[in-house]
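One structure is given below, encoded as structure tokens.
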Amino acid sequence: MDSSEFVKNHRPLRRLRCSVQHYDWGRMGQDSLVGKVCALNSGSEIQLDKPYAEFWMGIHPSGPSFVATGAGIGIANGNGNGNGAAIDSHPHSDAAELSLKDWIVQNPSVLGDKVLDKWGSDLPFLFKILSVAKALSIQAHPDKKLAKKLHKLHPNIYKDGSHKPEMALAVTEFEALCGFVSFEELKDVVRYIPEVVELIDIEDTSQLLHINDQVEVEKVKSILRSIFTQLMSASKEMTTEAVSKLKIRLQMQSQVRRLTDKENLVLKLEKQYPGDIGVISAFFLNHVKLNPGEALYLGANEPHAYISGECIEVMATSDNVVRAGLTPKHRDVQTLCSMLTYKLGFPEILKGFPVSPYITRYLPPFDEFEMDRCFLPKGASTVFPAVEGPSIFVVIGGEGAMQAGSTSTRDVVMEGDVIFAPAGTQINVKTVSELHLYRAGVNSRFLQTL
């Protein structure tokens, strides 16, 4: 049965009950968008003294989603006029549940032929909400070749053999470290940050200051690799002393001048992770500030660390992370330093492009995913056209009605609802109050290829 036949013969939209991660960097209780969405999605109470870091929507075994096996998506919390919708199919009711992965295996046509041909019966993307209170680790994600190697060598650390490109779309103001600074900024780091110079070879410093970056691009990368590896490999004693000196120097200088944004960030990181090498290595990375509605995408082997704020994130279905700083978790410094691309310069910020008056699309250079942002005012309506791959929708604010194609049934959706839509399903949305929702799907450029 192809996806169009599935849509004809089944009520296609399915509510999902999704998973939450309580990592210690998450925002606490009611202050967390993740906490609010999780509580509404699962029908549970928010635990005020617990961090709510990530809300996962997809098939990854570390945080699977579940689908009710009843008639369809039903009516959220039993409200609204679903015109015959099955109330007991809401995921936090007593209806029978099946993991989304198992349900897709039983109904593979929901993915569409192109997705099945490339990824089999696996959903190729993982959709998330993140609520960040303190910095995540300085990390990178391996490419496919390295991911397979790491998984084979250390399956307890690297849980799968997949790569993990990702994209973060800011819901609030969102800060991150991402990629290496420009060549001129890099020279300023070794000129003006004495605590860095103490931890690296003086010959590398001299070469960097006298090289022509326009002519010797690969040599610049080679020197940066050497400097960054030395820095990240510094002993605990040397690191603790250097961070202490840096903190004292910046606190003294703050009495006589205004510190730069990067210097203030470094002091903030030092409070969160005292004596950590990630505090000093932040000088080497771009400090990115996203406004709501702006997105940042990250390819394989690029260093980054989310700092603060809330975002919607989509990525390939993987949880492979190589860490080296700002973390109490396992560090794999040599792997991280050897895998990085060492490209210099500020990352591209995606503003998105309109696909309709109320929908903005964010299209990264990866086959696995894209994201739509939809802000629908009260009384308005919009259409998400049918596509040849699956979609997941999450509502983070407001209330509305969602209708699949030409079916007569309209289902109430509200904050906390997560909906799976099979390939070939047109989605009509109308608001009751202002509705804020996001959609993740397979990259439309991939789906449009012959």
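Backbone N, Cα and C define each Cβ position, glycine as well.
All TrEMBL annotations are machine predictions without curation.
The domain 'Phosphomannose isomerase type I catalytic' feature in TrEMBL is assigned to 14-70, 89-180. Taken from TrEMBL, the feature Zn(2+) binding site covers Gln139, His141, Glu166, His304. Residues or ranges marked as domain 'Phosphomannose isomerase type I helical insertion' in TrEMBL: 210-285. Taken from TrEMBL, the feature active site applies to Arg323. Residues or ranges marked as domain 'Phosphomannose isomerase type I C-terminal' by TrEMBL: 363-406.
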Distance [Cα-Cα, Å, rounded] between His304 (Zn(2+) binding site) and Arg323 (active site): 10
For the domain 'Phosphomannose isomerase type I C-terminal' (363-406), residues assigned helix / strand / coil by DSSP: 0 helix, 24 strand, 20 coil
Rounded to the nearest Å - Cα separation of Glu166 (Zn(2+) binding site) and Arg323 (active site): 16
Cα-to-Cα gap, Arg323 (active site) vs Gln139 (Zn(2+) binding site), nearest whole Å: 4
Long-range Cβ environment of His141 (Zn(2+) binding site), under 8 Å and at least 6 residues apart: His163, Lys164, Pro165, Glu166, Leu298, Ala300, Asn301, Ser318, Asn320, Val321, Val322
Gln139, His141, Glu166, His304 excluded, remaining Cβ within 8 Å of their centroid (Zn(2+)): Ala140, Lys164, Leu298, Glu302, Val321
Averaged pLDDT, computed only over the residues in the domain 'Phosphomannose isomerase type I catalytic' (89-180): 90
